[in-house]
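S.K.: Submitted below is the structure of interest, expressed as structure tokens.
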Amino acid sequence: MQGVMSKYQINAPAKINLFLHVVGKSTSGYHVLESVFAFIKLYDTLEIEIGSKNRGVEFVQFSGISKHDNTVQRAIGHLVRRCAPGVAKNVYVKVTKNIPVSAGLAGGSADAAAIIRLLGKNWGISEAGMNGVAASVGSDVPVCLQSRTAFVCGMGENVKLLPHARLPNYVVLVRPNDVYLSTRSVFDAYACKEFSKSIGNPPEASDGLLSLVMQSRNDLTDTAILLVPEVKKILAELQSLGGCILSRMSGSGATCFALFEDGEAASDGVRYLKGRHPEWWVYETEISQ
């Protein structure tokens with residue numbers, strides 16, 4: 001018996017990778033990474049009905065995601081299996097997609113993390129249980145469960161929050177319109193003669209962290225450029241903007257970003273890019289500190 005239906009609306013924030021190093025490969029064949037994640041004020045919105053007559057997941061503003069095989073549906077399935085008998089109820093979710101898909105911004109992982117947080121609390125699942133579900137759904141989901149600046153290593157299972165991190169606040173995002181670059185395609189094409197050296201623990205002080213970020217890189221950039229040559233042009237255009245502190249690709253691409261200390265400089269850059277490159281998606285946002 002479903003009983004009273006509860007309705008919720010929650011936001012799922014996108015992430016950017018301030019750096020991403022490939023430091024090895026596991027015995028299971030997966031690449032071992034080190035990265036600093038920061039979350040930004042670009043959100044998918046999830047409308048959730050718990051105890052609904054309906055069940056399932058619907059996506060709005062993007063039609064290319066399967067209703068039956070997606071990160072939200074997988075997260076719900078894992079949560080149901082961890083519930084005490086009789087606790088789980090029908091769940092209906094409508095996801096309004098504002099985060100570009102297959103773009104290196106972890107939109108699908110963010111959506112899964114949002115539903116894990118909400119249903120986990122409603123259904124009495126422990127923090128450890130929610131973390132276990134997150135790791136089962138995808139490598140970016142554990143850090144998205146926190147949605148705060150963090151150092152992530154391994155295959156996404158090791159998350160160290162960086163509460164004292166203070167980063168340039170303003171962000172300009174750019175990606176080629178209608179280009180979808182899957183994580184799998186980039187890693188399948190990735191080949192290196194030598195892995196990056198592990199950095200160990202990142203500095204917690206904000207000055208040290210920014211210095212580390214500036215000296216680091218995204219090891220997947222060259223591979224992404226082979227698949228989407230436009231990425232190289234985007235990075236050069238971002239770096240040329242007045243006030244740009246850093247330009248870099250996020251995740252496996254194809255979205256790139258620039259960081260600014262000055263909001264007016266970021267806005268000027270957005271106006272310039274939109275006027276010069278109508279073929280690009282350009283978005284101005286901020287880091288969630």
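Yeah, the Cβs are placed from backbone N, Cα and C, and that goes for glycine too.
Swiss-Prot lists these features:
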type	residues	note
ACT_SITE	LYS15	active site
ACT_SITE	ASP140	active site
BINDING	PRO100, VAL101, SER102, ALA103, GLY104, LEU105, ALA106, GLY107, GLY108, SER109, ALA110	ATP binding site
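Quick one: how deep are these features, and who are their neighbours?
M.R.: Taken residue by residue with DSSP, LYS15 (active site) is part of a strand. Listed in sequence order, PHE37, ALA38, PHE39, ILE40, LEU105, ALA106, SER109, ALA110, ASP140, VAL143, CYS144, SER250, GLY251 are the same-chain residues six or more apart from LYS15 (active site) with CB atoms under 8 A from its CB.
Sequence-distant neighbours of GLY108 (ATP binding site) (same chain, 6+ apart, CB under 8 A from its CB) are ILE65, ASN70, THR71, VAL101, GLY138.
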S.K.: With H, G and I counted as helix, E and B as strand and the rest as coil, say where DSSP puts ALA110 (ATP binding site).
M.R.: helix
S.K.: Whose Cβ, among the binding-site residues PRO100, GLY104, has more other Cβ atoms within 10 Å than any of the rest?
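M.R.: Its Cβ has the most other Cβ atoms within 10 Å: GLY104.
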S.K.: For the recorded ATP site formed by PRO100, VAL101, SER102, ALA103, GLY104, LEU105, ALA106, GLY107, GLY108, SER109, ALA110, which further same-chain residues have Cβ atoms within 8 Å of the site's Cβ center?
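M.R.: Leaving out the recorded residues gives ALA14, ILE99, GLY251.
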